[in-house]
Amino acid sequence: MDIRASLSILLLLFGLSQASPLREFEAIFVSEPETVDITTQILETNKGSSEVLFEGDVVLPKNRNALICEDKSCFWKKNANNIVEVPYVVSGEFSINDKSVIANAISIFHAQTCIRFVPRSIQADYLSIENKDGCYSAIGRTGGKQVVSLNRKGCVYSGIAQHELNHALGFYHEQSRSDRDQYVRINWNNISPGMAYNFLKQKTNNQNTPYDYGSLMHYGKTAFAIQPGLETITPIPDENVQIGQRQGLSKIDILRINKLYGC
């Protein structure tokens, strides 16, 4: 890690500590899950959630009647310096260890895009990162206090934090793209009863970017399967293409953020 990246993370941690004072000291490193993709981890954690969720981890705001974010009202605003500031606070329930993971996730956006997550002062619209009962977020800016949930027992990983924050910037799951049927096959008979609605296509702005099998926002092959190991999503024409990952934002994920916000 170079000096600038290290400094960035230290500054982020300082901001997090100002948002809510640290109450305990723990080791700074947390490992990502080694055997499952991010979506599988999220869905497993969210099984016990009392929140009404769409596509596994998306909250439908009360001021919208569908998962639609078509106009600029649900995007975060760019300032005079062409920087998109997203005010946020972090719950005091998170440990210093948790906050370092969140800071790491935020630093990826700062290093690769014009998005800047800034500690909230008096801004009316802001993200509140909280230890709720699951991993979830709304799509885009909803107005006022906007909860991004990262449950301490299953969601505090850099990749999951990036995934949920990317939802908050306005991005859907990759397999929800309007043109997805050209790239994946949905195996409807393998989907758990009552879960098919999670595979509906959305009216998306694909920004003239290619379908990204490697997107951080893509379901894994067995999402919502009726039994373990059954594929609910199969890449086409090459069924062996890997989908679902845990590392973090892909190059195309980053490209789309920059295109959407005119970075």
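Think of each number as a place in line: the chain as shown, counted from 1.
Glycine is no exception: its Cβ is also placed from the backbone N, Cα and C atoms.
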Recorded disulfide counterpart of CYS263 (Swiss-Prot; options CYS74, CYS114, CYS135):
CYS114
Cβ-Cβ under 8 Å from CYS114 (disulfide bond), same chain, 6 or more residues apart: which ones?
LYS78, ASN82, ILE83, VAL84, ASN258, TYR261, GLY262, CYS263
CYS135 (disulfide bond) and HIS167 (Zn(2+) binding site), Cα-Cα, nearest whole angstrom:
11
Specify the count of other C-beta atoms within 10 Å of the C-beta of CYS135 (disulfide bond).
29
For CYS135 (disulfide bond), name the DSSP secondary structure in the helix/strand/coil scheme.
strand
From disulfide-bonded residues CYS74, CYS135, CYS155, the one whose Cα lies nearest HIS173 (Zn(2+) binding site):
CYS135
Three-state secondary structure, which DSSP defines for CYS263 (disulfide bond):
coil
